[in-house]
Amino acid sequence: MISSAAATFARRARGTVNASRVATPTIGAVRNLNVHEYISMEIMNKHGIATPKNFVATTPEEAEKIYTTMMNTPGKPLKDVVIKAQVLSGGRGLGTFKNGFKGGVHMVTKKGQAGYMASQMLGQELVTKQAPNGIICQKVLLMDRMYARNEMYLSILMDRAAGGPLLVGSPKGGTSIEDVAKTNPELIFTEAVDINVGLTPEAANRMATNIGLEAGTDSHAKAVTLITNLYAMFLKCDCTQVEVNPLTETPDGDVVVCDAKVNFDDNAAFRQKEIFERRDFSQEDAREVEAAKYDLNYIGLDGNIGCMVNGAGLAMSTMDIINIKGGKPANFLDVGGGANEKQIQKAFELLDADDSVEAILVNIFGGIMKCDIIANGVCKAAQEIGMKKPIVIRLTGTNADLASKIIEESPFKMILATDLEDAAEKAVGVAEIVKQANKIKVGLTFGNL
């Protein structure tokens with residue numbers, strides 16, 4: 001999947017963007033809904049965008065019935081059908097299920113295969129480069145095989161460098177667009193769209209030509225219509241990204257979306273209720289789902305030092321200094337500037353329940369919320385849930401001295417830090433102590449003394 005940074009990389013390689021304007025990905029309060037491929041195709045069909053005929057199955061028996069009776073006509077030669085695992089991860093075709101079955105995308109050419117392949121996918125976790133821990137497959141998509149004259153790439157995304165929607169296309173589809181950007185940047189074309197003007201016919205025509213279709217042909221005209229409809233869908237559905245790879249030109253001259261990924265802005269959930277009702281929480285990190293219920297911004301990482309911070313910028317700098325001091329953050333957790341006791345308690349519950357967390361660093365700047373109020377909330381939450389992990393805490397800002405006194409007098413003992421550097425050093429040090437103790441199976445007790 002192409003990112004804003006990847007699109008910028010492509011333009012920069014072609015000399016069309018200043019290096020100082022390169023967009024960099026950020027971690028923060030942005031959460032975008034990602035839906036399954038079959039849902040993306042349904043939404044596209046509603047907006048006049050052609051896709052192969054397809055059906056969804058939840059059992060092996062249903063998959064076999066779809067192949068033999070709905071995608072084929074009894075008494076006639078069987079048509080080839082593609083079966084795809086419906087998981088929210090790229091690289092499905094090269095993935096491996098934990099039961100040993102290889103590949104999340106296969107061709108069905110004869111009776112019995114659809115049911116067998118579905119039985120190997122459904123209820124199993126697919127391991128991919130994007131999902132190294134595996135992600136559960138609960139549905140499979142069966143779709144007509146499309147024979148391609150050309151495979152192209154097309155996407156629309158919100159791009160910081162462009163200051164609005166950016167149309168990205170390439171005549172080299174069916175492969176990783178990031179790889180194309182690195183090896184053949186001249187094959188990636190972009191069209192920045194003025195959000196106030198919209199996608200112009202001239203821009204749609206240029207993109208159809210740039211992705212390899214000859215102007216004046218039926219295929220070119222159909223691609224222009226598809227691009228126009230895709231942009232209309234992008235706006236109407238509050239999308240943050242629409243990606244088609246491959247966009248296929250058939251021998252008959254049709255232009256068809258053969259694989260689609262669509263992301264939606266979570267801030268638009270109130271007006272896109274029908275789409276957001278189809279969110280598949282089983283595909284998301286359970287911790288992130290739980291955190292979102294309390295308006296906490298949580299992203300799981302692979303370190304051993306849990307972080308609880310108020311403010312995305314402060315959270316980023318906290319994670320940076322942990323790395324500088326030789327540690328690894330276990331998460332990004334921003335409780336926000338106006339966190340209440342319930343939010344702080346839930347934040348601690350998430351960190352305490354995470355087996356990978358060996359120490360917790362609380363880094364709070366008292367601005368909107370005074371430090372003493374936060375300190376009281378932290379102490380109360382730690383006691384109520386019976387925290388078992390060591391906590392290093394750094395508080396600065398309004399009423400910081402009073403907050404330090406509250407922490408020192410609390411029955412639940414925490415390690416006070418004088419500044420962020422001191423806090424990071426102490427967190428990394430105590431995490432290492434816990435790690436070594438766990439190795440030799442020596443019990444350590446932290447908290448109430």
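Glycine is treated like the rest: Cβ placed from N, Cα and C.
What TrEMBL says about this protein:
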type: BINDING; residues: LYS84, GLY91, ARG92, GLY93, GLU151; note: ATP binding site
type: BINDING; residues: ASN245, ASP259; note: Mg(2+) binding site
type: BINDING; residues: ASN310, GLY367, ILE368, MET369; note: substrate binding site
type: DOMAIN; residues: 34-248; note: domain 'ATP-grasp fold succinyl-CoA synthetase-type'
type: DOMAIN; residues: 308-428; note: domain 'ATP-citrate synthase/succinyl-CoA ligase C-terminal'
| query | Among GLY91, GLY367, all listed as binding-site residues, which has the most CB atoms within 10 Å of its CB? | reply | GLY91
| Looking only at Cβ atoms, how many others are within 10 Å of the one on ASP259 (Mg(2+) binding site)? | 22
| DSSP says what for the domain 'ATP-citrate synthase/succinyl-CoA ligase C-terminal' (308-428): how many helix, strand, coil residues? | 60 helix, 25 strand, 36 coil
| message | Between C-alpha atoms, which of these binding-site residues comes nearest to GLU151 (ATP binding site): ASN245, ASP259, ASN310? | response | ASN245
| said: Return the count of C-beta atoms lying within 10 angstroms of the C-beta of ASN310 (substrate binding site), excluding that atom itself. | reply: 25
| note | The number of other Cβ atoms within 10 Å of the Cβ of MET369 (substrate binding site), counted over all protein chains shown, is 21
| query | Looking at the binding-site residues ASN245, ASP259, MET369, which has the shortest Cα distance to LYS84 (ATP binding site)? | reply | ASP259
| said: Let me check the 10 A CB neighbour count of ARG92 (ATP binding site). How many other CB atoms are there? | reply: 23
| task | Could you please provide the mean pLDDT value for the domain 'ATP-grasp fold succinyl-CoA synthetase-type' (34-248)? | result | 95
